[in-house]
Every structure is written in structure tokens, then in C-alpha cells.
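Engineer: Taken from TrEMBL, the feature transmembrane segment covers A:74-96, A:108-127, A:139-160, A:172-192, A:204-223, A:235-254, A:260-279, A:286-307, A:313-336.
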Amino acid sequence: MEDEITPHPIKITINQDPDQNDKHCSSILTRLHAGYFRITLSLGAQALLWKTLVEHTHESLALQRVLRTLPSTVILLLWWLSLFTQLTLSLLYLLRCVRHFRMVKAEFSHYVGVNYLFAPWISWLLLLQSAPSVVPKIISYRIIWVFILPVVVLDVKIYGQWFTTEKRLLSIFANPTSQISVIGNLAGAWAAAEMGWRESAVCMFTLGATHYLVVLITLYQRLSGSCRIPARLRPVYFLFVAAPSMGSLAWNSISGSFDTSCKMLFFFSLFLFTSLFIVNKECTTIVAWWAYSFPVSFLALASAEYAQQVKGVVAPGLMLVLSVLSILVFLCLMMFTAFNTNLLFRENDPNFNKSLGNTIH
Amino acid sequence: MPSSPLEIHVQNTKRVLFIDHDEPIFNNRTAHSYVPSTYAGTKQPKFLPEPILAGSAFDETVACGLFPNSPMLPPKNLRTERLKDKRFDYFKTWSGKFEKQLSHLRGKPPETGPDANSPRKVEVETLHVDRYFDALEGPELDTLRASEEILLPEDERWPFLLRFPISSFGICLGVSSQVIMWKNLATSASTKFLHVSLDVNLILWYIAVALVAIVFIIYMLKVIFYFEAVRREYYHPIRINFFFAPWIALLFLAIGVPPSVAQNLHAALWYILMTPIFCLELKIYGQWMSGGQRRLSKVANPSNHLSIVGNFVGALLGASMGLKEGPIFFFAVGLAHYTVLFVTLYQRLPTNETVPKELHPVFFLFVAAPSVASMAWAKIQGSFDYGSRIAFFIALFLYFSLAVRLNFFRGFRFSLAWWGYTFPMTGAATATIKYSNEVPNIVTKSLSVILCVISTLTVTLLLGTTILHAFVLRDLFPNDIAIAISDKRQKTSRKWFHRRTVSSDKDIENYLKFAVSDSNDIEASLAPPSSITNTSIQNSGTAGTHSNQSPSGPTP
């Protein structure tokens, strides 16, 4: 037996998926990406809008007649729903970080995925702001830093890479989702101003405004070497509306009143909204549809603040129109998602899960 | 000598397939409002139908334009009159209506099938913006490149309406901005020492109103009669900005209205005037951001300032009327887009083909936006505060950096658009007057006087040049080449030829009809039909040699 030259034994090992049990869970984790936080972003924005509208109706008689139908229980319900969704998604994403850290890293290096990493923190900030009086202010005061700090860290990393290294060349990689990072800064500024910290608020606002200027100009130029966003991605263009609206809200909180700069930002956002309205809209997945909701909610919020400052007919009318639009969009999205929850995670989004896909979700 | 008509067809095939690229367009567009009834009876079957005959007259003239030594040059008499009219039918608004009526004259009904399809396709086809860049050059994109051909003959004088470009509204801009300047000179506290009378403002205002009315009417006529030309101007990367000019001129007139004519204008006027500006800018800014062709990195040019200035002028008028929110709205929109445009122009990106390489009067438009913005902000805020001063100093700096380079502004062909470039100078002068109201000292006052003098001198000089060109040189309105560029370059015509060979027989037969009549319609008008065959044979030889150099046309 041993005299003969025996061939090397060929070992065949079959690598199986170790856990067949939580295969379903694993597949959700693989499909989850930061873009899903658009849902919680929209939920939070909507809750904040309802809360703001109700607050304003106490001051304006005209609105009371219209918005009396929004009972406070519904608002509370919405807030708890957003909180629950946010907690679930955050937990799932945490699990994903633990189990599939490689994928999270790939997201970070993708020129679109990296921007969505701001989305969870923005959602948390919005949730804290829209918290009903049940949640004491002290808690918000303490934990708001937990959410602003990651934004600053991401800022330093990403914005620093913009102008120091060639890793993320802005002229090539700038795309409408880059505005989410700006919105993150502005949301942080807004939250800080609401808490009363003026200096940090101004600091965050400056960060947001400066980089917004750079991103806006680069995006408007649509340089020929840049990554083109395919025509299917219209919802992403609504981010153009979200950024100046958030800026106007932030400056409103900082300066105390809806002054001329806030008005200018609000009007610019309104103009962009009008011009985008005409653009043909198509979407690929349900999550992409959610990208419509929060920019319109932000715009409606800004118009609510504007209507508070400017009396008359036009301003409250504008507020009404935008709020109704925002609520309608939100309700449609809720129903659509409710009826198609199976599609929510089943759709394999190759764009996000591939590390360097050129097509964007 | 070919014994049958068929052979003549064959001989002329090659020529036809090269020349008749525009055939689908002109075949149907030039519906030939007048079908020559004289030819109906005398034609041999191969020369039917008349519309094709007449349509080929176009190609004939195009060919003639290119090959001056061609024996087919028409003697210039009544035949040329008919040719002229048909050549411009493509640009006429209503020539298309006759197409349907006369399509039955094309001959065999089955032919109208493929025939009717292609023109419809071509009718809705618009020139891609790249085409303008390929075919034209120059700081105002109005000079034809050497390798390009145009749809209309270059050696003929086109109808006046076709030669009347939208940039003629620049005159209105130039004159109406003068109105504002003289009004401010007469009414401002800091320039009271000049003792300028308000009569100057009054006279100028009436002149400006008359001018605006005249130019408006003429251009309306152009819209009515030559809509295609207007459409082509709309798609021109530089001329599109001049579509703002009429409304800006009207806004200037409203701002500069003499106190004796009207003290307070109704707010409704503001809304009426701002609506077209709003719609236009929705379209254009939207295209910058997300539309297909007109990417800012590619089409940004100093004339884009005209689209931005409209916002600031509207804000100025609204604020002086007492409106609050509307002016801020337009100021915000204008400011945001101005920042983007300003940075893009300063960058002079390599992909940018429209920024002139040398200095050109169009660069004075840089001064327009900040100076008007400073005045608008001063009116909105109520006083010439820091925001206005920042804008004003930017405008001054740009003005000076252009003024010291004055000796580089040489060697350019005068065009009516230059009037439009004077309004920034006048705007800067007016802003200086406003600034000197706020900060009255010897420096600011003398600066305002100097700038006003410069502006007045420039306008007077331009007036003299305009009169010179209008009455002495008679070339104030040259042929507007920019709107007559063809759809495709010359070299693609060869590809088209290969593609054509596999197309349906019906198409080829149709083109053959063109070809034959193409070569003969000149002689046909003079010679009796019996000699047509002879002339066609003689011409087919020359036609063959010319076939390789035929003009470009749209590929089907």
C-alpha cells in the first residue's frame, strides 16, 4: 500500500452557510443599507411637521378650522411609530455592522452610500425635536450630543477627503446625495439652536453652508467627467429642495426670527421645488419613493415658519398647500409600503451592495 | 445618348443621393405654395410631380451656391424670384399646411407612405445644442465654421424678418438703461450740482418706448411668419439669453418712468412683467441642473448674465413699488444662480466652448449683475447697507479690470448685440450715483460723474456706428447665419448614402424624381420639354463629378 505512489488525497470541503436558521435574518442584513433610513427620515420629518402645524394653529384662527382634524393622539401615534421604526432599523444596522462589517465598509467607500450614513443621525435629531411633551426636555438636552457628534466625525473624514486627497474627487464624485451631508450639518445646527447652544449652532451652520455652496456649484455645473446620475433617479433631485429648506429652518432658530436670509433660502428652495415638479419622475424601488417625502416635509416646515412671520394671504396659503401636499405624499407612501412590505426587503438592491457599482439606487 | 428615360434616372442617381439630404424636409416643408401649373402639361412622366420639382429647386440653389462654376446656374429673372421664396419656406410658419393639401400631387399614393413618415420625423427634430457648437464659432457663436454649410444661400440677401435677430432687443436695453441713469442724475441729491433737467429723462423715455414698441412689433412679425427661425434662435446657446431682453427692457422703462408721466405704478404691472421671466428661468435653470443638453459646464457664457440680471431688475422694480416678498424671492433666486454662474465663468473650464478666448464686449455683462443687485438690495433694505456695498464694490472692480484692458477690445465685427453690452456700464454709473447719495464726498461724486460721462459717450459712439452701418454700409442686419445651420455635418452624408442604398425602392424612386428635375428645373423654365432630356444628359456628367462634394443634410 505504501510502496505505491499514492496520489495526494484530494480533500473536498463544502463550505455551507453556517447558520441555516437565521438565513432569513442574514439576508435582510445583507440587503439593508443606510438608504433605508430615508423611511425614518420621512417619518420623523412628518411627525415634526404635524407637531409644528398644531402649534401654529393655536396661534392662527384660520388654520384652526382646517387643521382641527389632527387630533393629538394621531400625532403621538406617529411619533411612536417613527421611534419604533428608527429603533428597529438602528438595531438591524448595528447587527449588520457586526456581522457584515465588510459590506458597511464598502458602503462607506461608495460615493453615494457614504452620504446616506448621515441619514440615521438626522432621523434621530428629528425624532428628538418632534418629541411630544411626554419626553422631558432634560433627556433631549443630554442625548442630543450623541447624535451630533457622529455627524461632526463624518464631516471631518469626508469633507477632509474632498479637499486634501484624491480619494473622493468632488469634480467626479459629486452627486445630489452629497447634499445629505449638508443636511446633516444643518439639522445639527437646528437641534443645537433649539437647545439653546448658539455657538455650536452657528459653527455647524457655517460648516453646512460652506459645503453647500461648494456642492451646489459643482452639481449645477454638471462637469463632463462626473458620474452621471441616470434619469431614473429623479427622487434624488428632491434633495436640492431639502437642503436650503433645512438651512432656512436652522437660521430661523439661530437668529430667532424668520429674517431676510431665511426668506431667501426658503424662496430658493421653493423655486427649485417648482422647477423639479415639472421633471418626469420614475422610481425603481419603494425605498427610493421615500426620498420624495422628507424634502417636501422640510419645505412645508419652512413655509410654516415663514407663515408665522409674514401675515397675509399668500404665506398661510402657501403653508397650507405645501403641508397638504406633504401629508398626502406621506400617507400614500405609508399605504403603499404597508401593502407591499414583502417588497421592502426582498428587492435586492445591487447598486448598494456592490462596492463600486456605477448605477445608483 | 441614353435611349430611355430610365437610363437618365440611373445616371443621376448618384448625384441625387448626395444632394438630397434635405429632401425629406424640403420636400414636405416647402410645400410649394405655388405649384407651377405651367409645367403640369409639359412634363414628361419622369418629371412629375411638381412639388418635387419645385422642392428640388432648393437643392438646385444649394448646389448652385456651392458650385459657382456649375453650368446649371440659373439666369436671374423670374425663376429666381420663385426660387427665393421657396428657399425660405422651411423657416416660414405656415408652409407646412400646404404640404398636406399637395401631398396627393406627389404621384403614386404608396409613395406618400414612407414620404409622409420621414418629414414628420424631421419636423419635430430639433437641432442638438452640440450642433451649434460644431457649426458655429466666435464670441457670439454667429460665424460659420469653414467646413460647414448652411441651409440658405449665403450670397443672397434673406428676407428682412429672417435677418432680424433677437439680439436686436439689445438696443432697447441700452436705451432704456440710459433713461434710468438720466432720471437718477436729475433727481439724486448728490448730483444736484450738475443741474440736469428732468426733460432729458422725459425725452429719452419716449424714445425708448417707441424703440421698444418697434422692435417688439418686428419680432412679433417674425414669430408669426418665421416661427422656425425663432425656434432655432431659442435653441442657440447664446441667443436664448436674449429672450430675457424684452422683459428686462420693459422693467427698465417702468423703473425709469418720468415722474410727470406716472408717480406710482400699479403692482399688477410687476406681476405681469415678471411672469415671462419666471417661466423662462424655470426652463433654463432647470436645464442647467437636470436637463439633458445644456449643461452649465458646457454652455456657460457671459451672455448668461442676461438671464440672471432679470431677477435683480425685477427685485429693484418690486421694491420701489413697495412690494415686500416678491422682490426677495427673485433676489434669492438670482443670487443663488449668479453665484453658480460666476464661479463657472471664472473657472473657464476646458469643456466650456462658449467663453470667448479673447476679450469681447460681451464681457461687460459681468458688471451688470452685481451693480443691479446692489441697487435692488438697497431698495429692499431701505438703505445702501453693507450687502449693497459689497455687491457694488465687486461691480466696480470688474468694471475697472475690463476698462484697463480696453485696448484688447479690438477687431470685432459690430453687431446690434453690442447695445446690450452698454447697459452694464450705465447700471454701474447709476449704482455709483446711489452710492454717492449714501456716502457723499468728492471721490464718489466725481466717480459717478466720470462713469456717467463714459456711459453717455459709449452710447453716442454706438449710435453713430449704428447709423453708419444702417445707412452708409447697409449691413446692419446681415444674413443671420446662426439660425440657418444644417442638421448634420458633411461627412456623415456618406454614411447616409450607404444606408440609403438599402432603403426601400420607393424612397429611391422618389429621390430619383428629385434628381432629374433637380438638374433640369432651371433649364425647364426656359427650354421646351423636348430638350430637357438633352440637357439632363449634359448635366449628368457634371453632376457626377460634383456628387462627391455635395452639401450635408440630415440623415434620415
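Just so you know, glycine gets a Cβ as well, placed from its N, Cα and C.
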Engineer: So if I exclude everything within five residues of the ends of the transmembrane segment (A:172-192), which remaining residues of that chain have a CB under 8 angstroms from its CBs? That is, six or more out.
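Structural biologist: For the transmembrane segment (A:172-192), the sequence-distant neighbours (Cβ-Cβ under 8 Å, at least 6 residues beyond its ends) are 111-112, 115-116, 118-119, 121-122, 125-126, 128-129, 144, 147-148, 151-152, 154-155, 158-159, 200-205, 207-209, 211-212, 215, 218-219, 223, 225-227, 229, 233, 236-237, 239-240, 242-243, 246-247, 249-250, 253-254, 360.
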Engineer: What parts of the chain pack near the transmembrane segment (A:139-160), using Cβ distances under 8 Å and only residues at least 6 beyond its ends?
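Structural biologist: Long-range Cβ neighbours of the transmembrane segment (A:139-160): 114, 117-118, 121-122, 124-125, 128, 131, 168, 181, 184-185, 187-188, 191-192, 195, 200, 204, 207, 211.
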Engineer: Grab the same-chain neighbours of the transmembrane segment (A:260-279) for me: Cβ-Cβ under 8 Å, and only residues 6 or more beyond its ends, written as numbers and ranges.
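Structural biologist: Distant Cβ neighbours of the transmembrane segment (A:260-279) are 234, 237-238, 240-245, 247-249, 251-252, 295-296, 298-299, 302-303, 305-306, 318.
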Engineer: Under an 8 Å Cβ to Cβ limit, what residues of the same chain, 6 or more beyond the ends of the transmembrane segment (A:74-96), are close to it?
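Structural biologist: That would be 28-30, 32, 34, 36-37, 39-40, 43-44, 46-47, 50-51, 54, 103-104, 120, 123-124, 127, 130-132, 134.
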